[in-house]
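Working notes for the structure below.
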Amino acid sequence: MLEFPLINDTSRKIIHIDMDAFFAQVEMRDDPSLKDKPVIIGNDPRKTGGRGVVSTCNYEAKKYGVHSAMSSKEAYERCPNAVFISGNYSHYREVGMQIREIFKCYTDLVEPMSIDEAYLDVTTNKLGIKSAVKVAKLIQYDIWQELHLTCSAGVSYNKFIAKLASDFQKPAGLTVVLPEEAQEFLKKLPIAKFHGVGKKSVERLHDMDIYTGADLLKISEITLIDRFGRFGFDLFRKARGISNSPVKPNRVRKSIGSERTYGKLLYNEDDIKAELTKNAKRVAESAQKAKKVGRIIVIKVRYSDFSTLTKRMTLDKSTQDFDTIDRISHSIFDQLEENSSGVRLLGVTLTGLEDQEGRQLDLDDLA
């Protein structure tokens, strides 16, 4: 029977920090009148003829079922008393850099996953603190004292479990999963909550009657590899709390894009959006093939006079999903000022990339 060794490094101390509803929280901090109000970062559909999409929202808005990538129109229907804010992304980036400076006070092993979340390896740290839990509490305290923002923290021996833990008690939560607790923690977790298991994989796992970590634990390694290829190899280990991916402080930020130049100018909106969809499909397929996900979607439009417009939207969660990339691309285009000039070039880019957690490994890599 095909079997690979199970090597589990439980000696590390990893923290995952995730800011709570970051964009909305910054707006609420800067404008105290927003306190206790549902806040949605996205264009107000009453001002755009129903066009637009939700970038993120605060917890008050989430109570109404509002979530990232939802159309602004639907968000308004669910929560008509919400305050819509178009968003100041350069300001959010500035605040994100301030948060990163706080991380650097504790360790240089910081792997930013996006503007508002990062992994930290504090196995050895600048303050010589042996307890990772104490470091996490100090970071939460520093962020609150210096920036008046809250974050949630997950502490464990690897990135996979630390990421899951940070999402366990939001907002302002701290969840610790020790090596001896990992198996029980994962058993109870719905498979859809496993970081890196996408929507299509969840559906396939459900078809196998796998709904929780406990269900996944019952499936043999060879069966998972047979059904999912390299991803199955990784799933088998994740179910057992095994993930030895290092914190990479120098990870390279890349983007995945698709753009086309048209010899015959595009004037009709339906034609333009059909081409946007083709670009979005190519981007999604490339991201899935590269095992990358991204949080920022950018579109580029060049007109017949060679004037060029680019506009971006940052999402709550990373994606490689075609439907999401396509919908957001169309929404961004709808926000551009009308231009009667023909379109010469269209592009869609996914950036703010990170590795898809649970990325698939070639069996040759294990030789």
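Going from the start of the chain as shown, residues are counted 1 onward.
Glycine too: its Cβ is placed from the backbone N, Cα and C atoms.
For 14-198, the entry in Swiss-Prot reads domain 'UmuC', with the evidence type sequence analysis. Residues or ranges marked as Mg(2+) binding site in Swiss-Prot: D18, D116. Summarising the annotation, Swiss-Prot assigns site 'Substrate discrimination' to F23 and lists sequence analysis as the type of evidence. Among the features that Swiss-Prot reports, active site is placed at E117, with the record citing sequence analysis.
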Cβ-Cβ neighbours of D116 (Mg(2+) binding site) (radius 10 Å): 25
CB contacts for E117 (active site) [other CB atoms within 10 A, all chains]: 22
Reported mean pLDDT - the domain 'UmuC' (14-198): 95
